[in-house]
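Swiss-Prot lists Asp603, Glu604, Met605, Gly606, Leu607, Gly608, Lys609, Thr610 with the feature ATP binding site. Annotation comment: Swiss-Prot describes 590-751 as domain 'Helicase ATP-binding'. Feature annotation from Swiss-Prot assigns domain 'Helicase C-terminal' to 868-1022. The feature motif 'DEAQ box' is assigned by Swiss-Prot to 702-705. The zinc finger feature in Swiss-Prot is assigned to 50-85.
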Amino acid sequence: MTVAEIKKLALNNQVFNEAKALLEKGNVIFPKKFLKRKKIIIEVLDGKVFKVQINLKTAAAHLDCSCSNDKQNCVHIIAALLKYNDLKNQDNKEFDLNKADKLECKEVEILIENVSLAIVNGSWKLKIGFVINIDKVQTNTTALRFYCCDNKDVYFLHTEDEQLFRIALDKFNSVERQTLLIFDQLNKTKQMQYENNSLLFNLDQFLSLVKEVKKPSLFLLNEDKTDNILFLRSQHKINGLSHVCGFLNNKVFDFVSYNEKTKQIVLRLAYLNKFTDFKFPYNINIYKLAFGETLFFHFLIHLKMNGFKNIFFQSDVVIVKESEYLPKMFLTIEFNTQKNKFITDAFFKYKNKNSNTLTTVYPHRYYLAQKTNTSNFNRLLFYEQALQRFYEELFQIDYLRRFENIPIKDKNQIALFKTVFDDYKTIDLAELKLTSNLLNYKQLHFSISDIKALKIEDRQLKIEFKAGGIDLKLIKSVLSNYYKGNAICIGEDGWYDLNDENAKALISFWSQIDLRNATCDANNNLLLAKYHLFEVVDTISKYTDVTNLLDEKTALQLKIASENQFHLSLDNNQINNLRKYQKEGVKWIRALEDNQFGGILADEMGLGKTAQVIFAMLDSYQSTKSLLPSLIIVPASLLLNWKSEFQKFAPHVKIVTANGNFKERSQVYESLKNQILLMSFNVLRSDIKWISQKKFHYVVIDEAQGIKNENSTVTKAAKKIKGNFCLALTGTPIENRLLDLWSCFDFVLPNFLGNKKQFSDQFEKEKNDESFQKLMKKTSPFILRRTKNKVLKELPKKIITDIYVELSEEHQKLYDKQKTDGLKEIKESDAKNALNILSLILKLRHICSLVKDNDVNDFEDNSKANAALNIIYEALENKRKVILFTQFLDVIDCFKQTLKNQKIDHLVFDGRKTVKNRNTIIQKFNSAKEPCVMLASLKAGGVGINLTAAEVVIHFDVWWNSAVENQATDRAHRIGQSKTVQVYRIIAKNTIEERVCQVQNQKQELVKKTLVEDVNFFKSLSHEELLKLFE
């Protein structure tokens, strides 16, 4: 406690000043040795004697005075605290011998706090931590023994000059003099240093000096400031035995004796028992070695390190060999290449009493200590733990437990293991074992000239190597460690430095090839799935001319697939109705099929993907003469569309549809031969048990974004279907996230992009240019995407216009109130849930569209609705048909009522309509002779329907995902459209709609990098990023 803190405890400044006066007069009297007491009584003279009691255990929380003042912290208490503070501050203060009267010099006890071994600059040091105990003062002494006075070296006040030191030595007895001579010699030879209240000795030098002392030497050590003082005394006796003794509670205990003739060392356990409490707690992990145990153990280690082998232990009158008393430790450190991690195994073996058998115990199982049957041996837990900690420090391992995992670091870690192993394997403390792969350093090898040939065999890509083949397991391990950031790789028979030039060359090459599902043949040639052909050829071509490695068949397959030169068996009359890009699409599909690949046809909506698939199937059946049926899975709303397309392009092909009840569907399945089976997603989900038992020629999924959720029953069902060739059709391969693309590929080319986690770690989490380019390069041979502006030069333009409107005053007030209340609720909530913010965004978008809920009668105060109605009126006057898309069904109802009141022809197309009704509505809209309006929900507009009769498209509420918005627009802007399509987006200024558009515009870069459509960025935005939308 400081003086300032004591002053705060005083009732006022007057009380504090009076207390200081009592202190300065010497009127505050403390008892002797008060520092060791938990409760002390202080006498304060103030007219009479007042007694102040301080409970040191609870500090200043319990203060009491015998004066009549009933107020706390009276002048006597403050005076006592000031005196206590002064005395405490004197602790550890330096005595200046030169300024002191020698007759009044006092002997000060050096209290040793800990004794331990340490390695300093590669040498063993004995470290003794100490404090100077002012409380133990003896008067009747003429000089200080020794004292440390700076932070670098140790000096003795007696040795300020040599003459003064010699004079001082005369004042000591022989034991004290010999002690000082030893410390002074250590100091002069720089073998002793002072660091952080510790004396640091060179252990060998220290012990050798002690041995040379002919008279008893005294070293004063103390544990935890107790009265149990240990004097280590080295003395020679006539019988030739050297002794080091312990002094405890005024009794001397023999610690160790050494017989120079027999070279026999005897450690006496009576000493150890005096300093060790053997009552171990259940939770031994928190057990701290006692002072005696620590000293005993380090002394034993030092003896062994200096070559002493003839060591015995004495208990009472029985002397036994060390091996009979101490357990043997067995320590193994290995690297398990199967689990790719270090594993340690540490245990002790005790010799059983009256037999030559051994009992094994594990040091980490402390909680079993009480249950272990120790009737046949004396278990030394302190020794187990001390030895365990000793090797933990040597190997720099946190815990030496059985099966403990140690992280891989770098070659310095391996060097440390080997150094410790070499230095300590001969010391009879433990039997050390390091597996050979930790002791052998090996170098990796890579040369492109080692590759002998590339060929396709049995639907697999084989990379043949020259003599010796390839060590695939090692290469995978090297790459795995490299990706984890490790600097080394440990194999079966040695370890490798990954920063070595050869390793860098190997990693550079093989990291470009997906080896996750690779295997080897009997000759250690590499076997990969056939679809890896393109990436392997591309990688090798960076190093050498790959054509020299390809056999004729493989080279031809590669040329046909990469240059799209597949020869169709259909004659020109059959495909004359197709456009050039569609013919290329048919060839691309057939080339994939011919090479046993799968693919994704991702042409922009309106480019005729259906026709390309139909002609590819026709060519395939004509060429292969397959007798298997083919399966086409589509949304229910597109069943009739596909059927009509077949009737249009291939009327001779028999089409069957899986509909009706299960009995009717099962009859279709049973009679199925080489027909085309059309099936909806819902039927697939219900009938997958039967479907999965059939084998199909083609398996096609239209609107394949329907299987983007890998956990849905439809997706799982689709991936159970067996087909010779699988094809996915989608205009939006990436609708919400990159995983949508993975799910499609997992259907057409299982394992091509790894599993979900592997794909996410490699591509989705990284989201950088390098990972995007790698993904594009890998997938480009198996995904075909064309856009209308590239392949349909004759297609009329699509003109997009954003119309910004300001909400009316009342409308804006309603919006602002909802926004303020919603944000307040979110910010006051403890949970950072993005769904709460998305829910608020949805509410605000809805308010932008409607002034109030269910306002079905009046659009007069709704500026957005009025803007849309003005566009509708103008379009109808110009004889143009209109589609208005919205997300909200109640908005559709409002427009429906308004148009009805205006007696304007209109149709409604949304999810509330049956599939049959939807097709009728589409036909009615397209065939209507007079201009009319279709009110459609946005999602209903995104499932393959054809609305080319429309010339004006209105998006009433901006959709988060512009890909869905574009998909709806392209129902009008597609093949068959002969007029310019005008697209309007109605956006409310100063609202969330405006912010959504801004964010979408900023994020368009990702679309370009990932080859395909837009991404719903809102699903990937953090809580904080979503809140920024409201700024």
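Every residue gets a Cβ built from N, Cα and C, even glycine.
Comparing local CB density within 10 A for the binding-site residues Met605, Leu607, the maximum falls on Leu607. When pLDDT values are averaged over the motif 'DEAQ box' (702-705), the model yields 88. Within 10 Å of the C-beta of Glu604 (ATP binding site) there are 23 other C-beta atoms, taking all protein chains into account. Counting residues of the motif 'DEAQ box' (702-705) by DSSP class, helix then strand then coil, yields 2 helix, 0 strand, 2 coil.
When Cβ neighbours within 10 Å are tallied across all protein chains shown, the highest count among the binding-site residues Gly606, Gly608 belongs to Gly606. Comparing the binding-site residues Asp603, Lys609 on other C-beta atoms within 10 angstroms of each C-beta gives the minimum for Asp603. All chains included, 23 other C-beta atoms sit within 10 angstroms of the C-beta of Thr610 (ATP binding site).
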